Amino acid sequence: MGFEAFWYIDLLGTFVFALSGALAAIDKRLDLFGVVVIAFVTACGGGLIRDLCIGALPPAGLVNLAYLGTVGLAVALAGFFQARLLRLAQPTLFFDAIGLGFFAAFGVHKVYSLVPDVELAVLLGVVSAVGGGVLRDILLGRVPVILSKDIYASAALVGALVQLTGELQWLPVHVSAWLGIGLCTTLRMLSLRYGWNLPAIKKAP
Amino acid sequence: MGFEAFWYIDLLGTFVFALSGALAAIDKRLDLFGVVVIAFVTACGGGLIRDLCIGALPPAGLVNLAYLGTVGLAVALAGFFQARLLRLAQPTLFFDAIGLGFFAAFGVHKVYSLVPDVELAVLLGVVSAVGGGVLRDILLGRVPVILSKDIYASAALVGALVQLTGELQWLPVHVSAWLGIGLCTTLRMLSLRYGWNLPAIKKAP
Amino acid sequence: MGFEAFWYIDLLGTFVFALSGALAAIDKRLDLFGVVVIAFVTACGGGLIRDLCIGALPPAGLVNLAYLGTVGLAVALAGFFQARLLRLAQPTLFFDAIGLGFFAAFGVHKVYSLVPDVELAVLLGVVSAVGGGVLRDILLGRVPVILSKDIYASAALVGALVQLTGELQWLPVHVSAWLGIGLCTTLRMLSLRYGWNLPAIKKAP
């Protein structure tokens, strides 16, 4: 199994991230264009930063209509089934966790294939996974949620590190990928279930 | 007529965008440096993102003193004739609408000439036109206005699509350019005149 | 003396900038991951934008573990000695002023060596010095402080212009560098001592 088989999971990740962006934008009462922009940025923004940093131009998200189409579909669904989707928070979080793991693993793979540098691959793998959400929050005028709570970026970091074992050929690359995605998703879901958080540094009085 | 004749319109667009940035920054009581930065980012930020995404480095706005000079002129005028300019809202909006159309058409042309991909050209054409305003709003700590109201980015999208017909040689490129700029400007002005808005997706209760 | 000798000052600048980022993030009650991200962005963000604009990929800050290690050290110190560090505001500001001057001079040198354009070198020299702080403030949801008060970016501009005399071979490059760093640091410290500010353009009533 090559990374080609990841294509559908990639679109699934894009879809779920776009959905979360669209719901946040509707909540802020943006107009139709604003909702599409936020959904697109949430889904493709992390990969865009990654591609700019390794010079993989033009960025993948801007030249493949499948991404734009997937975002359009997510916006349409968010518009028509908003109330129902909000009740589905649990499954949405599950798909989001899968998307997180996949984007982290795929980001590491793309970066390490082009520029074989361990630090770069891990940093940009995490950026691939969480960058879109950070841009979404900046555009919506709030402090990026991933900076203040939940095991989220840390789960992406675990996924990225596991995928690295594949790039370094300690494990077959498809084993490391599924292992990384699985661990990241599991860690994320467990942290939600049990309310795990990273420690905060206590603020001096 | 080649795109060389567009040079003066380019500077006019830069000038008007810089003016709008400077007025917003003065309103926020930034210091002189802050006003120059916001004016420069508003005028050149969209083109900078575009150039980063197609690898046209260094970005045009950073290596041509004409842009910096135009921004300086706009800041000087904004400082000296602020009250008068605010009364001139109508003409300012008109020039802004022309700038919007031009940046969209020129953006599509530059991108398609370097990377002949239809989706990329249209997306980055719109980014050229509206990106500066988005960065201005992020720096000033507000949700980008184009995401929540008015026919603005949508007018840029129309201009970009019309210019595309020139790039694809369905129309002579200078016909498509003037047509795109004209349509974008007209659409924008009509939407202001009659209060047109894109529909918002109704927020679930 | 070549620019190799600047290596330790570079790390010192990185360290002090990371420290200021970490303290700001702790003050906002971010979690551990958030504090590391903000510290890293504050220290390496300016250089990252600079490297993207001149195509020096991958950006230096992402492929050299020394930077990440320095940031980690700064975060650890910020966590353990927070109260003491806040009492040390004066020395911190002094190191920050040195970092500012060094990043401006080093930025001009790196840019002009790769793309010998005067305007680009000066603009990106200033961006190297102040870009990280701007990104920090955007992520923390506040209007970048350098846009509204203090002689800060202007001191970086002075440092960048002085370094340019070295790049243009009007002065030996190591003379211009130390002169630029010295002038920038002095100007910044004097402005803090005497409360100097750039004039603001008076807002129309």
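Heads up, the Cβ atoms here are built off N, Cα and C, so glycines get one too.
Among the ranges A:118-139, A:140-161, the one that TrEMBL lists as transmembrane segment is A:118-139.
Most Cβ pairs within less than 8 Å of the transmembrane segment (A:32-49), among stretches A:6-25, A:61-81, A:118-139, belong to A:118-139. Across the domain 'Glycine transporter' (A:94-163), mean pLDDT in this model comes to 89.
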